[in-house]
Amino acid sequence: MLTLKSCINIDDLGRLAAWKVPFPVNDYVEGGADDEVTLRRNREGFGDYQIVPQGLQDVSQISTHTRIMGCDSALPFYISATGFSGMMCPKEAELAGVRAAAKFAVPYTASTFSNRSLEEISQASAGDKLFQVYVLDDEKLAAELNQRARQAGFKGMVLTIDTIVGGNRERDARSGLTIPPKLTMKSVMQYMLRPWWLIGYLQSDGASMGNFPHMPKVSLKDSQAFVIAMSKLFKKDLTWSDAEDMIQKWGGPFAVKGIMSASDAVRACQAGASTIILSNHGGRQLDGVPSPIELVEEVRAAVGPDVEIIVDGGIRRGTDVFKALALGANSCSLGRAYVRGLSAGGQAGVEKALSILKAEFERCMILAGCSSIDQIGPEHIRRIR
């Protein structure tokens, strides 16, 4: 039987997670939009590149340290924002990820739609933290969130631009998943197959919204009030002038996440963004778009050498991170790789995911002949198809 200890790669953690959480929740994590072409392409894209080792290099000592959005990081990858973490790990929710990230000295990104508040997340560890935001229709509420993040010590802001409406996620439609999960005749048996998850969810109030205390209290039996309140939050006429205004008001490291073209990367830089995050939201929004790894060289050529580029999507191996860096990215963010660990074992599961990727990346550096991050370059990679 698979256990956390016996997991040796991220896919193992995914298989264990499927046994730990109810089927609809696991499908929510693993699924994508429409035919899931982009979801699959995010992984397949890495297979289009080969690593080219450089022999007889001194790799007796290696350093994986770098900087991510103004934060010192022990590794060139970090934890991306995932909302509703209480669905995957009811007892710990976001606290599992932020504590694990601090232990590995990598940044953690808190979601606007976290189950725990910004203040709770900030106090959970002394590690560096980023705050992921959407442009909200309520300017007063948006300003309040920004101020809370600043006061809580968050180092950088990440603006997500690809979720004006939700993607067509057919797995969720078939499973009947609601956010938050609710008890129906169809779902009750599915949730009861994972009794420890269900007990934890009921005890932890997994339906709470930590950053929106004004939102209606939601029970497992009625999520309609929650859905109605959520739909009123987003600004539907978002433009680059809104992004520029947010960047100026924040005044610190600022990333635009959801960039899928060189032209948008240039626009983000012109608006004042310090960081570009190449992302298609894990294949969960618009199906049929490129994988982020395919865009790295094109975007790097467009924005120049000084703009920070982060690859978000499809990272399952340390070699994936190496390939992204060799193509011109500065770092990578972990979505499903992190959530699989979270679902499989809470903080211990996240630590397992980070330790797996750390060991794989360090081994890859040594075998490729690189002793530091800045030695990884285009000579270490070639495209084969």
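Each residue, glycine too, has its Cβ placed from N, Cα and C.
Model, not experiment: these values are computed from the prediction.
What TrEMBL records for 2-385 is domain 'FMN hydroxy acid dehydrogenase'.
Marked as glyoxylate binding site by TrEMBL: Y28, Q132, Y134, R169, H281, R284. There are 19 other Cβ atoms within 10 Å of the Cβ belonging to Y134 (glyoxylate binding site).
What TrEMBL records for A81, T82, G83, S111, T160, K257, S279, D312, G313, G314, I315, R316, G335, R336 is FMN binding site. The number of other Cβ atoms within 10 Å of the Cβ belonging to T160 (FMN binding site), over all protein chains shown, comes to 20.
In three-state terms derived from DSSP, H281 (glyoxylate binding site) belongs to a helical segment. Listed in sequence order, the residues of the same chain lying 6 or more apart from H281 (glyoxylate binding site) and placing their CB within less than 8 Å of its CB are T160, D162, T163, G167, G258. Per TrEMBL, active site, proton acceptor is recorded for H281.
Neighbour counts of Cβ atoms within 10 Å were compared for the binding-site residues G83, G313, G335, and the top value is held by G313. The CA atom of S279 (FMN binding site) is located 17 Å away from the CA atom of R169 (glyoxylate binding site).
A81 (FMN binding site) has Q132 as its nearest neighbour among the binding-site residues Y28, Q132, Y134, R169, R284, going by CA to CA distance. With every protein chain in view, the residue among the binding-site residues A81, I315 whose Cβ has the most Cβ partners within 10 Å turns out to be I315.
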